């Protein structure tokens, strides 16, 4: 029996049913990767909402308190009781992961389960193009994934607690993408250029790859948008463990000033990245240790020492 994944998110879909703008369904693959990933089959196999054995509506979440259509549904179906629940790490603290595991156990109820998504979504669309996990300690080829056993994935919200921001953008239309334009305006990214990293395109390739993989920091943000190909950005967490961030076509990340990090290609051996900067670009790397730099001290104060774990920021700010 096939398993169909459901996701609640505001993303354009390929039919004219207005529900498809906020609810999508597809057949899942059989992999045991992070349950938060979309888990599409290859090729992707979407299912229409009319074929599901569940009911669905598209409603106005901004006006749920006095929404006539919602009131009518409640009256028609007898939904007398209503409350709300917010599911995210900061709301549940140390029990969050255990709760998520319980939610994901296959189960049934003897009554209907009725859920109306007011904010957020069931999966994060960014995870189609950006994934993160804790690395093992072996020194094999740096282009390999280097998962721990068992695999230990890291959410994009967890990355945000380290100051790492992320977006999913339309890499095929970056020249006219309104979302990219807004990000640049909001964050002051006045400068852009492109860098292709592969043996055929990058002068002094072997030397550059070694330099990229030296642990270092910058005194300004490092902003990279993968418009083609893919690569790994490794960052340190608050306990000095390496987190590998896999950025694929359409993924954009911001590494904050002062964070120790490194970069390598993956096994595809190719990435074309847009580089963004505030004002005139400064690419100077400071190889570890450079803990005395003001940028490093500010990073530690803001994200490492604050509240014992780091300050949460909007992962898609």
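Every residue number used here counts from 1 along the chain in the order it is shown.
Using the three backbone atoms N, Cα and C, a Cβ is placed for every residue, glycine included.
Around residue 216 (Fe(2+) binding site), the C-beta neighbours below 8 angstroms that are at least 6 residues distant in the chain are 260, 261, 262, 285, 286, 287, 288, 290. If you look up TrEMBL, you'll see 216, 218, 222, 261 marked as Fe(2+) binding site.
As annotated by TrEMBL, Ni(2+) binding site applies to 216, 218, 222, 261.
In sequence order, 217, 255, 259, 260, 262, 285 are the same-chain residues whose CB sits within 8 A of the CB centroid of 216, 218, 222, 261, the residues recorded for Fe(2+) being left out. When each of the binding-site residues 218, 261 is scored by how many other Cβ atoms sit within 10 Å of its Cβ, 218 comes out lowest.
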